[in-house]
Amino acid sequence: MDDWKPSPLIKPFGARKKRSWYLTWKYKLTNQRALRRFCQTGAVLFLLVTVIVNIKLILDTRRAISEANEDPEPEQDYDEALGRLESPRRRGSSPRRVLDVEVYSSRSKVYVAVDGTTVLEDEAREQGRGIHVIVLNQATGHVMAKRVFDTYSPHEDEAMVLFLNMVAPGRVLICTVKDEGSFHLKDTAKALLRSLGSQAGPALGWRDTWAFVGRKGGPVLGEKHSKSPALSSWGDPVLLKTDVPLSSAEEAECHWADTELNRRRRRFCSKVEGYGSVCSCKDPTPIEFSPDPLPDNKVLNVPVAVIAGNRPNYLYRMLRSLLSAQGVSPQMITVFIDGYYEEPMDVVALFGLRGIQHTPISIKNARVSQHYKASLTATFNLFPEAKFAVVLEEDLDIAVDFFSFLSQSIHLLEEDDSLYCISAWNDQGYEHTAEDPALLYRVETMPGLGWVLRKSLYKEELEPKWPTPEKLWDWDMWMRMPEQRRGRECIIPDVSRSYHFGIVGLNMNGYFHEAYFKKHKFNTVPGVQLRNVDSLKKEAYEVEIHRLLSEAEVLDHSKDPCEDSFLPDTEGHTYVAFIRMETDDDFATWTQLAKCLHIWDLDVRGNHRGLWRLFRKKNHFLVVGVPASPYSVKKPPSVTPIFLEPPPKEEGAPGAAEQT
């Protein structure tokens, strides 16, 4: 290393000197000052632009005021001022206002917009099929009614005809089809659409799309139609845009006398549509009823809970029949509405009744179940002294002697602990199987559809263990379970005092109603005196059943029970048939017999200890299950019980529908 010499080409190494702290801070401060100057310059420019813009606005405003002073207009009220703010198209030579209406029809979606506001939009899957109808007030343009009629299903076209016939003349009608609306659109409905001026509606075909706007009793304002090219496809979507001229308020109002009843009527009829003569200008139907008082009315102070949802037209029909029943106490009626819907409350207010709304809890059948629980709890809170409550649904017609029926039988609930309820509905009481309005039965099932509930039963047993919101159970099926019923029975009439008219609901459609509800017999005779009411008590009823069986004529069991000739062509006789029933839950033969008798066959209803009572050809007809029923002892030794083989079950067949 001693002989090493540095290269003369390389610069000698020297340690780098650090920049002094003074120079470092001077550099930083110089950069910050430059940034500050830039920001200040930008702010000055922004303020300058703002000042220029404001000066221009002030000058424009002064110029406009000066021009207005040179050509002054007369003073205008508020409505006229609003008119001046409308678009130039609406300020034409005609003083009437005009609505912009858009209507859309397609396979999967419908919508209606009025002046840019969407008043209907339905694109939910597997819902909203059929013809959607909207009614607008011809003077204000506000929506008075929205309905959808699933005219793919039976009888929905009848409901649509009824609704459209009840709409007042002059109203604006809007129709649009989602998915399919022609399958059950019968001639009567087509004729009505033709009378409204529609050309495409009466010719509506399978899966066609259609949009229509017109005035009832007036001109058609727009219509579009697209025909389906094949059975497997739909018509093209159609979008109808049209103008709807509005009429004066004078043309849209009725001039009734200024009374408290008519003030209620006026409020109602200015908001909603589809209620027919209640809003007639010339001869409106009454909204106050004066049925005859019921002598010795045992249910005068029993609260009545009407369970309702968003079916206001059903509620209107139901309340009319309820308020027309002899012995009704309007002050004891409370309508419980599941949700904050306006129109059902409007119906309640029309009749001057009490209405209570509450927030829905859960979904589907659990929501209905929670609504019942909330309503029953509220009923007994409103009337803490009440021992009973009458429970009704919004889709029931109420018989004229409904309260008379309850008044004559309600003491049984107090005196007989073996009873679960009193119901106005007979599950097997069809037009061809019910005959005697004075006759009562004991049955092991809880029919519902107009029934009396004992407060002690609800507060001590049912309320504490009512199904919770997460359980998607039907409340009535739960109440029929052995754990709740505990061997108790219900009293029912042979001829029902309620009629289930609703065809739209959670577990209801047109097909189901046609098969199981439409042909139920409904009492229309006032003042029926029930016969031998005390014989419905537990021990007395057994005596009555044994008496009937002892007097009954045994039918020829070699004949087919499904044939009309199985029962003789007589009247006023009592007959008995014995069917195979190996155990208490063996209902195979009964179910097949119920099918061929065209009565309720989806589960077992209306039985008492393995015995069913009904009428055939105006004869009292008893059916006894052998050997499960204790009444099997009445079977003659020579008689072989009837056995009907159930059909083989198809794989993947859907389960039975349930009544609600």
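Note that Cβ sites are derived from N, Cα and C of the backbone, with glycine treated the same way.
Given the structure is predicted, the values throughout are model-derived calculations rather than measurements.
Swiss-Prot annotates ARG129, ASP179 as carbohydrate-binding residues; of ARG97, ARG147, ARG207, the candidate listed for that same site is ARG207. The disulfide entry in Swiss-Prot for CYS281 points, among CYS175, CYS254, CYS421, to CYS254. Listed in Swiss-Prot as the disulfide partner of CYS269, from the options CYS175, CYS279, is CYS279. Candidates considered were CYS421, CYS562; the recorded disulfide partner of CYS490 in Swiss-Prot is CYS421.
The distance from the Cα of CYS269 (disulfide bond) to the Cα of CYS254 (disulfide bond) comes to 9 Å. Residues within less than 8 Å, Cβ to Cβ, of CYS596 (disulfide bond) and separated from it by at least 6 positions along the same chain comprise PRO561, CYS562. Listed recorded positions near CYS254 (disulfide bond): CYS279 (candidates CYS279, ASP395, CYS490, HIS500; Cα-Cα distance within 10 Å). It is CYS279 that, of the disulfide-bonded residues CYS279, CYS281, CYS562, has its Cβ surrounded by the most other Cβ atoms within 10 Å. Sequence-distant neighbours of HIS500 (Mn(2+) binding site): residues of the same chain at least 6 apart with a C-beta under 8 Å from its C-beta are ASP395, LEU396, TRP425, LEU449, HIS513, PHE517, HIS520. For the region 'Catalytic' (300-646), the mean pLDDT of the prediction comes to 96. Between the alpha carbons (Cα) of CYS421 (disulfide bond) and CYS281 (disulfide bond) lies a span of roughly 45 Å.
Cα to Cα, CYS279 (disulfide bond) and CYS490 (disulfide bond) are separated by 41 Å.
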